Amino acid sequence: MGSLLCFSLIAFLLVLHPCFAKKTYIVHVKHHQKPSSYSTHHDWYDAQLKSLSSSSSNSESLLYSYDTAYPGFAASLDPHEAELLRQSDDVVGVYEDTVYTLHTTRTPEFLGLDNHLGVWAGHTQQELNSAAQDVIIGVLDTGVWPESKSFSDMGMPDVPSRWRGECESGPDFDPKVHCNKKLIGARFFAKGYRMSSSSSFTNQPRQPESPRDQDGHGTHTASTAAGAPVGNASLLGYASGIARGMAPRARVATYKVCWPSGCFGSDILAGMDRAILDGVDVLSLSLGGGSGPYYRDTIAIGGFSAMEKGIVVSCSAGNSGPAKASLANTAPWIMTVGAGTIDRDFPAYAVLGNGKKIIGVSLYSGKGMGEKLVSLVYNTDSSSSLCLPGSLNPKDVRGKIVVCDRGTNARVEKGLVVKEAGGVGMILANTVESGEELVADSHLLPAVAVGRKLGNVIRQYVKSERNPTAVLSFGGTVVNVKPSPVVAAFSSRGPNTVTPQILKPDLIGPGVNILAAWSEAIGPTGLEKDTRRTKFNIMSGTSMSCPHISGLAALLKAAHPEWSPSAIKSALMTTAYNRDTTNSPLRDAEGDQLSTPWAHGAGHVDPHKALSPGLVYDIRPEEYIKFLCSLDYEMDHIQTIVKRPNVTCAKKFSDPGQINYPSFAVLFGKSRVVRYTRTLTNVGAAGSSTYEVVIDAPPSVTVTVKPSKLVFKRVGERLRYTVTFVSKKGVSTMSKTTFGSISWNNAQNQVRSPVSYSWSQLFN
């Protein structure tokens, strides 16, 4: 308190300054130093803010007091007030609020989760569903459309008595009507958003403050994770069938932290804080920002608190692929999820005037074009080729099909630009960045998306033909597409720039053309001029793959309630597969080349095998602290994440890669030798079980594992092994990154860890 009294003179001088625009700041406080004269941290924080100024405006400055997710508070301050706080002995740091972005029902069958499975690793589907009724998934997103049948509570028992959450009311949300035994919580956090929208920095329209989803994204992700089965679901006739979430009997609690102008760190922290206190078992966040130190990463900080409480934190990797080092959410206590395709597609066709038939994809559901060929145009001017708003001359495109390059603006917006300029159709052609990846969209005019190679065929045809023509047609829904899965080109890639010794992403799940519930406040394209309304929508992104993994984590939690978050992550990672439906190694949609663990992590999730992984790599909270100490952070920064008053770095890893992670990222720096020790815990059947190691290493590296055989005598037994990686002499320090694996196998299980090898911090 004394340190704040010295501000009186400066605070007095502050009133002489002209008014400055207020912003939201997140303030890290030494919260264990709260004076006994304050009954709560909230009171203490409020007093700190009031001491900055005699202005009555400061009575409204305190936006959030965080209890578990962060040691401090969020406040509305002008820059001078923020600087005054930074000078306080009680304050570790004052950080301007960060804006995060969204990473925007065939999948149950594709993952083997249909209802005709019989026994799953000792559990019947009925037993799993029954156990999942006690599991609660918290979804931080854009809210929920509660009227969706995906949130029906038909046949569900009473809400678990341990649940401490609630449904909040709003101008368009009645808790008594809209929440039930399925949707057991619905909250909203808007103070950071409100501060932003009241400033001059955004012209986004204000949205009613309630848990209701006006965007669709949150409803889609929540129903993907735990939606109840809904028959005859489709998007305007596409992908028709039964739509259901991964854990259809689990409970759902939604936390609206995303608004038209983005997802603000202060609101995300408040949502995570509340979800932890409410009692969720899984946290699902299909959002993220850039990468940075963990003590500046809102989601990483809140996620650590959740992990300590036994909550699995599942986050999307981001949609910034195929660029390398483009990952978000890289903390080792977070499950980082990339995206792949499933075996369902929506074929569409462009027949050119020369008779060539080009195959692409589309979700266009309106009136077709017929069979008559029409003129085809492609303007090589950069803005026109991308079909950016205002770039097309109606005189050039009226009555014609327009070829648009993919990139820069939204795919569906390009179609609207063409339509408003008088075009009658669009061919959306990939460039090098998107390769052969095909993402279907519910366009507002006849439109077909094609890969880069076929896009180049069309571009060349337009360039060389005096009177180029084409006609578009649409083929509905097809299944059993091969090969699948294929890693999505948009899925963000490693390496992990925050901690290169931790291989990320962790794994991939279904994230391309996913059908799930939708908000009826908005059309399927999300465009303001899209007046169509649908109860389901098809979307693509790591936003879609993340809730798949969140739902599967809930099933594992139901089957193994004693497992820690790291054990659940390990089970999902070490049982993931790396071969597609043609039994070939996983491919990458970027350039149709072979994928690597920088794109797919441990591989594609396999729910059946994950339920009975045999062995797991478990990580206790104390090991994460040793990991943080190995990063040479200042102690205040470590306490930002760990939030313990007595944390020390008396014990720390000499190398961050020593943490008991289910994968390896080996960096050969000054030494040609890297040595790690790992511990495996037996979670298999009772009785003795023997595992032998199988090593897959590139020619440039020698890998030795000791012992080469592990004999477990009882369930819960922990055994260690040491792996030594030696870079062979003569290998250039600028050698390209290569990959391999280490597996522990017996007759029942293959416990596989991917390994990446780098010789340079430049990650060539």
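Yeah, the Cβs are placed from backbone N, Cα and C, and that goes for glycine too.
Small disclaimer: the values here were computed from a predicted structure and weren't measured.
These come from TrEMBL:
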SIGNAL    1-21  signal peptide
DOMAIN    24-103  domain 'Inhibitor I9'
DOMAIN    133-579  domain 'Peptidase S8/S53'
ACT_SITE  ASP141  active site, charge relay system
REGION    197-227  region 'Disordered'
COMPBIAS  197-207  compositional bias 'Polar residues'
COMPBIAS  209-218  compositional bias 'Basic and acidic residues'
ACT_SITE  HIS217  active site, charge relay system
DOMAIN    375-457  domain 'PA'
ACT_SITE  SER543  active site, charge relay system
DOMAIN    658-756  domain 'Subtilisin-like protease fibronectin type-III'
Average pLDDT across the domain 'Inhibitor I9' (24-103), rounded to a whole number:
87
Do you know the DSSP helix, strand and coil residue counts for the domain 'PA' (375-457)?
24 helix, 19 strand, 40 coil
DSSP on the compositional bias 'Basic and acidic residues' (209-218): how many residues come out helix, how many strand, how many coil?
2 helix, 1 strand, 7 coil
Quick one: DSSP breakdown of the domain 'Inhibitor I9' (24-103) into helix, strand and coil?
26 helix, 26 strand, 28 coil
Validating a neighbour-count step here. Other CB atoms within 10 A of the CB of HIS217 (active site, charge relay system): how many?
27
With DSSP, how much of the domain 'Subtilisin-like protease fibronectin type-III' (658-756) is helix, how much strand and how much coil, in residues?
1 helix, 57 strand, 41 coil
